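Following: one structure in structure tokens, then a few remarks.
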Amino acid sequence: MPADAKDSLVRRTSALLLSLGLVATLAACSPGTEDNAADGANDACPLTGSGGSSEAVTVGGDIDAQPEISFVGPLEPEETERTVVIEGEGAAVAEGDTVNVDYTILNGGTAEQIESTYEAGPTVQVLIDSESQLLSGLSKSLVCATEGSRVVGVIPPAEAFGAEGQPQFGLEAEQSLVFVADVVSIAAQPLERAEGTEEDAPEDFPAVELAEDGAPTVTIPDEEPPADFQLATLIQGDGEEVGADDTVTVHYTGINWNTGEIFDSSWERGQPASFPTGGVIPGFRDALVGQLVGSQVIAIIPPELGYGPQGGTPDGSIGAEDTIVFVVDILATS
């Protein structure tokens, strides 16, 4: 992925959730979908109930601002409990939605804050999956909540990080999580692949062939890489333009020009990636900003705009003097 650390090369913040791949993206607000009931949760929505633990958490302050949170621990629910502090009037969150939220996470045993997106700046996109093996309680705290709501979830270890906890973040195995979230919006669904008018890249660019599902196979020329940044459009989309402070959803494949090896691919993982344009290496950012959703671009990124300043990647897949190539399908921006 194209950010600063090899195990999270796309995304750099929200360390707790990103360490487990549970955040869809760090994002500015995205437009909501219109598929869910605008007047709140419908009859089929599997509401997570309130309980003694979630009701023991006092939350003050205005929505969309850092909340004032207090409780006396330890909170030890047997299953996730969710209390709605402020009820919004927007669409209801459903399973499978990607939701833009601001949140604060605290240790349910000690009441110490672990993480807050209010301090980090941009909101976070969370994929709702109540059946996930890790942190299913986060989804259970959000599902059926309406846009504009503030909720409190208290999540037991079994529905958080399991038997091991997350000691590196100060969360021991037996401690619950307290999750206070503002449901900002439900994100619009991205494209599945680039779509638009096909264009030819310059002759000296790597060759790109697409599989039926759109996944690219990239062949690097048998010659030295160019010294400067180069960019070409392979498919010209006609969607929204990617801005300098946007969060994008993309499918991509990254190849080391010097070795010819793929070092990262969202296609191989089976799902696109979302991240803020400011949270990636400069060359990847430059390949995205100003492009239109639906486009596919190929970028040749010299070391100084890639991983050269970091001395390459920790696993050695990219050296300090290596040029890298990305083929990117731009699926959504917000």
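Cβ atoms here come from the backbone N, Cα and C positions, even for glycine.
Taken from TrEMBL as is:
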DOMAIN    96-187  domain 'PPIase FKBP-type'
DOMAIN    245-334  domain 'PPIase FKBP-type'
What are the DSSP helix/strand/coil residue counts across the domain 'PPIase FKBP-type' (96-187)?
20 helix, 38 strand, 34 coil
Helix, strand, coil residue numbers for the domain 'PPIase FKBP-type' (245-334) per DSSP?
20 helix, 35 strand, 35 coil
Integer average pLDDT (0 to 100) for the domain 'PPIase FKBP-type' (96-187):
90
